[in-house]
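Record features (TrEMBL):
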type     : residues                          : note
BINDING  : D47, H183, S185, E340             : Mg(2+) binding site
BINDING  : D47, D352, H356, D393, H394, H468 : Zn(2+) binding site
ACT_SITE : S122                              : active site, phosphoserine intermediate
REGION   : 238-259                           : region 'Disordered'
Amino acid sequence: LPALLSRPDAEKTLGYWNKGAKRRLELALALQPAAQRAKNIILFVGDGMGLSTMSAARIYKGQLAGGSGEESVLAMETFPHMALAKVSGAVLGGTLLLPLLETPLHPSCFQTYTIDRQVPDSAGTGTAYLCGVKANAKTLGLSGAAIYGKCRSTFGSEVDSVLHRARLAGKSVGIVTTTRVQHASPGAAYAHSASRSWYADANMPKEALRDGCKDIAYQLVHNTDINVILGGGRMYMTPKQTPDPEYPEDPDQNGTRNDGRDLIAEWLSAKQGARYVWDKKGLDAVEDDSVSHLMGLFEPKDMRYELNRNTSTDPSIVEMTEKAIRILRRNPNGFFLFVEDDHIPCAGGRIDHGHHSGRAKQALMEAVMLDRAVARAGELTSPADTLTVVTADHSHVFTFGGSTPRGNSIFGLAPKKAKDKRAYTSILYGNGPGYSIRDGARPAASLPAAEDKDYRQQAAVPLETETHSGEDVVVMAQGPMAHLFHGVQEQHYIAHAMAYAGCLEPYATEPGCRAARRASHGTRCSPQPLLALLAFCMAALIVRG
């Protein structure tokens, strides 16, 4: 097409669409499964990032760049393989079968329901995609035999996460989250808890403490040797009334532990070459090759929304992800990294927290930031040896529509008024705090108010917080064994596919794993072969003499 044609004009020609489709067809025909095993695995989870959130975030990304938005592409959307995960539905038998490598694979979907709920929470879904089993809602790292809130049901019901298995296999492991590191999603990577809310011992009932259960913060430090821990959650790590380093004059931010333990100090003393930081300045000062373990806790509870973040004191999810990768990738055996953005206020990461509060702009900015972290991770790794998976734990009752024209602000108004003769925004929620009746009628939406970062879009049903939804979520993957993500799957399949790709238990002895281990060990810079060669040469010289 002539270079002088603008995009809108070019779109009116047949050649524009035909050439674009042909190019995509050629890429699809050239796509071949990467059947080698993964040295590294990165799992990105957008807490609450359903398909409608992804679509709206794509438009918002394009509009932030000055475009109309609809033609924009998220970095995660460039991944060649995808699937859908079921968040609700029926289990099709108890046997999990990984597809044969030569089997043709197609886009897939993952189902996210839990054993006891049609619409899940972040604890049950985290246990599924990290530990490989469906579980009951509000429980972490436990099988369905565990009962929510019942400490004694924990013992014997523990299930290990892919992160834990990767560490046992000699890989470095890390967690990056925009919530507290003791939150449900990251907690499923290392904790076994009958309640997702047992952040510190002060949050546990006396009966649970008496029966021998440990809080999630304690388990963060003592269960798994995690190399990198970045997120919020300082207050659950220190004794009661310990002043917070960032907010020393605010008693509400003080430590909360009743047992008097300083878990940060315990962690530092147990790890050689460990560092602890609590602000961006400290994180930036950490030299990648100088530490084997890094803990960064940047807020007493959850980290701030990106649109509220102090860029001089708090790191972004992109910066935390980069720091984690630079430290973890030094291990010749590879690494496993879990990255979560949960900013859809109320129960999860910051995408999730934003939706729960009915503030769509906060949620969508978090989704855009997660995508930037995905893009940066791609620049720091190679799809030749790194399996990267992007998914969501669940969706939300969030939607956008209203016959809006091309280029309409994603936070703008629909072009026509509703039946009540009042304007409404394109984005709406099925329920939540955005429900409002004034003088017996729905208030009209207006600009520029609807563009504000804290504007609450209207909701159909009044609730204190907006709820999760039960539709399937998408899974996107690139790198070794990415083709295993296909079709419509149960959500717990994600953990099994990652474990299979990385030669982790229970798939450590599968074909191809021995060769993968030899390849990773071969990257070590060891003086032993050189010494052996030198000894052989000296012996030969002696014999000749």
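Cβ atoms are placed via backbone N, Cα and C, with glycine included.
Of all Cβ atoms in the shown protein chains, 27 besides its own fall within 10 Å of the Cβ of H356 (Zn(2+) binding site). Note on the region 'Disordered' (238-259): DSSP counts are 3 helix, 2 strand, 17 coil. Between the CA atoms of E340 (Mg(2+) binding site) and S122 (active site, phosphoserine intermediate) there is a gap of 11 Å, rounded to the nearest whole number.
With a threshold of 8 Å between CB atoms, the same-chain residues lying at least 6 positions outside the region 'Disordered' (238-259) that come near it are 199-203, 217, 278-279, 299-300, 313.
For the recorded positions S122, H356, D393, H394, H468, a Cα-Cα cutoff of 10 angstroms around S185 (Mg(2+) binding site) retains S122, D393.
Considering only the recorded positions S122, H356, D393, H394, H468, the residue whose Cα is spatially closest to the Cα of H183 (Mg(2+) binding site) is S122.
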